[in-house]
Amino acid sequence: MNGKNILLAVSGGIAVYKAVALTSKLTQAGANVKVMMTKSAQEFVPPLSFQVLSRNDVYTDTFDEKDSGVVAHINLADWADLVIVAPATANVIGKMANGIADDMVTTTLLATEAPIWVAPAMNVHMIAHPAVVRNINQLYADGVRFIEPSEGYLACGYVGRGRLEEPERIVGHLTAYFTEKNTTLAGRKVVITAGATIEKLDPVRYFTNHSTGKMGFAVAETAARYGAEVVLVTSSTKLPVPHGVAVHYIETAQEMYDEVMKHQESADIFVMSAAVADYTPKVIHEHKIKKQPGDFAIEMVRTKDILAEIGQNKRDTQVVIGFAAETQNVKENALKKLHSKNADMIVANNVAQIGAGFGVDTNQVTFYGHDDAETVFPLLSKQEVAREIIEQAARFLEEK
C-alpha cells in the first residue's frame, strides 16, 4: 500500500476510536491518508487526533475551504486511490444508498470515482433491520465493497454482530485489494451453492438447518473479485448480494439441483458449500396438519445428491469442491466424502467448535485434496477462508 492515497471517511459512533488507530496503521503501511469527518464523529474524537496521525488537514465542513482556489470535496474525490468509510453508521449508509449529499463526507463520496469500501458499525438489531439491509444491497449493486462487522460485546450492551472490524484486519483487506491480481479467473465460470434448503411439510412447517450462507457468499464475492463469472445458487435472502454476482434464489434441494445442473457443462469451478437437505417429506400436505392424539410419523425420501452428480460427471478440465460440516470424525468423514463424490477437494470443519459453526463470521477449516493431502488452517474470517478456497481452485485449474 506504499504511496497509495487513502481517504478515510469517519461517521459518528463509539467505534470512532478505532478509526484513530486505523489512521495510524494505514500511515505505518506507507499510505498517504487524509481524513474527513461528519459532525457527529467530531462529538466522539476531535479532528486534531486525526490531523496529528495522518500529518494532513482534516476535512469537516463543505463550506470550510482550506484553499480558496480549490473546491475541497472535488479535490479530495479526485485525489483518492481508495475511499474507506469506517466506521459506517446506518445513517451514512442510508445516505450513500440514496445519493444524499448534505455534508463533507457524503458530498465527497458522491463525487469520487475511486473504489469505495464500507466498514459498518452499529447495534446488532440495526444492522439486521430491513431498511439497512436494503441500503447495503443497493450499495453492493452500485459496486461498493464491504468489510463485514465482527461479533462480540457492543457498546450498547448487546452481544452480537455489529462491531467495527479491527484496524489490523481492515488494513489487511485494503493491502490485499491493491496487491491481488484480479484477472486470475478471468474468462472462467464459477458456480457456488450457499445456505440451507427448505423442505416443506405443509403450508406452515418445513425442515431446514442452521446454515446462513455466509461462507458461500464470501466465496462468491472473492471469485468475482478474481475476475470470474459467478453464479450463486442460494435460499439465503437476508445477505447482501456481492457485486458482480448473478444470484438464483431457490428453496428446496430439488430446485437447487435443477439450477446447478443448468451449468454442468459450462462451469469451470463448482464450490458446493450449501447445506443441502438429505431427505424431504414424501408428501407435502396442502393444508396445515392438525394436532391429533398420539404420535405422528413423517415418511421421508432421499433428495438428489448434487455434489455426487457433479463430481461423477465432471470433465477433466473442471474443478469440484465440496464441504463437510461435521461434529465428530472430521478427517474420516471428509476423506470418505472426497472419494465417494469424486471431488477435487473437501473443505471440512467441526461446526461444534466455537467460531467455526453456522452464522458466525469466522471459520476454522481443513482442506483435503489430491492424494488425501491435508492442509489445516487456523481460525480465520470467512473472507480469508474464501480467498484460500478460490486460490486453491485456481491452482487446480492450472494443473488440469
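Every residue gets a Cβ built from N, Cα and C, even glycine.
Keep in mind it's a predicted model, so treat the numbers as computed, not measured.
The region 'Phosphopantothenoylcysteine decarboxylase' annotation in TrEMBL covers 1-189. Mean model confidence for the region 'Phosphopantothenoylcysteine decarboxylase' (1-189) is a pLDDT of 90.
Positions annotated as domain 'Flavoprotein' by TrEMBL: 4-174.
The active site, proton donor annotation in TrEMBL covers C156.
What TrEMBL records for 185-394 is domain 'DNA/pantothenate metabolism flavoprotein C-terminal'.
Per TrEMBL, region 'Phosphopantothenate--cysteine ligase' is recorded for 190-400.
Residues or ranges marked as CTP binding site by TrEMBL: D278, K288, F323, K337, K341. Annotation for D278 (CTP binding site): spatial neighbours R302, T303, criterion Cβ-Cβ under 8 Å with sequence separation of six or more.
In this view, K341 (CTP binding site) is surrounded by 21 other Cβ atoms within 10 Å of its Cβ, with every protein chain counted. K288 (CTP binding site) falls outside any helix or strand according to DSSP and counts as coil. Binding residues for CTP (D278, K288, F323, K337, K341) extend across at most 37 Å, taking the greatest CA-CA distance. In terms of local Cβ density within 10 Å, K337 ranks first among the binding-site residues K288, K337.
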